[in-house]
Amino acid sequence: MSSNIFGSVPILVVVAIQLLLVHNVSSQNVTNDYLNHQCNNTQGRYTHGSTFEKNLNQVLHNISNLDLRYGYAYVSNVVAYKVSKDPNIVFVLLQCRGDSFGSKCHSCLSTAVSGLRERCPGNRGATIWYDQCLLEISSVDSEGRIHYKRMFYMQNPTNVTNDPKRFEDKRRDLLHKLMLEATKDSKENGAKGLLYAVGEMRIGRNKMYAMVQCTQDLWQTGCHVCLEWITQMKYGEFFYRKPGGRVCGRSCSFRYELYPFLRR
């Protein structure tokens with residue numbers, strides 16, 4: 001899949017058609033495939049041995065030393081980055097899928113760092129997606145913002161033929177239920193949770209499996225807005241009659257399949 005400049009289209013629409021066949025459930029279907037990347041040419045480039053590169057390497061090293069027990073990190077080389085004027089400031093966001101925390105998140109981080117260096121060498125801003133994590137490097141602070149332009153969708157090329165309207169109603173109901181689950185307060189202390197939810201629903205002889213997730217720099221309200229945007233407003237029509245599909249974004253994502261694709 002080719003790289004894309006962030007500002008080239010109103011909403012990045014990358015249709016990566018995948019043949020998502022139903023696999024043996026015992027295989028768990030847990031993969032960490034490369035999905036897409038975006039090289040942000042508007043932020044400029046850095047050279048080998050530059051201060052920016054040294055700062056970037058240090059931030060990535062600092063993240064690799066975290067336990068990543070909650071699968072998330074947003075780290076800069078400057079403590080007071082909200083008011084810093086440093087031209088070589090670096091921001092790195094890592095968000096791992098909700099079933100890929102801890103050591104699994106570390107593994108995906110390593111893969112993503114290598115992938116980003118290969119696909120966007122020298123870019124001061126870039127994002128890469130894998131099945132189990134999202135990694136973004138940037139020279140601009142983007143914490144807490146909903147990024148509507150940095151997203152793409154993937155869908156199963158086949159169509160549901162048996163009662164497609166009922167299938168669509170069930171799909172929407174499940175994703176809506178998971179959106180509410182992901183954005184509710186934590187039961188322990190009323191704070192925000194992990195902004196992640198998984199579920200399943202019986203549809204005739206089949207069972208649908210789904211997940212929704214937001215990056216943890218958002219709060220519940222922002223997460224709800226982002227998930228509503230990708231599940232209903234912007235991309236909902238693209239999945240009519242599709243037995244599997246996903247939207248991957250910088251701020252939120254969802255996926256549904258007719259086979260389990262997450263760790264138990």
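Every residue, even glycine, has its Cβ placed from backbone N, Cα and C.
Database features, via Swiss-Prot:
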SIGNAL    1-27  signal peptide
DOMAIN    34-142  domain 'Gnk2-homologous 1'
DOMAIN    148-261  domain 'Gnk2-homologous 2'
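If you average pLDDT over the domain 'Gnk2-homologous 1' (34-142) in this model, you get 95. Sorting the domain 'Gnk2-homologous 2' (148-261) by DSSP state (H, G, I as helix; E, B as strand; all else coil) yields 37 helix, 35 strand, 42 coil.
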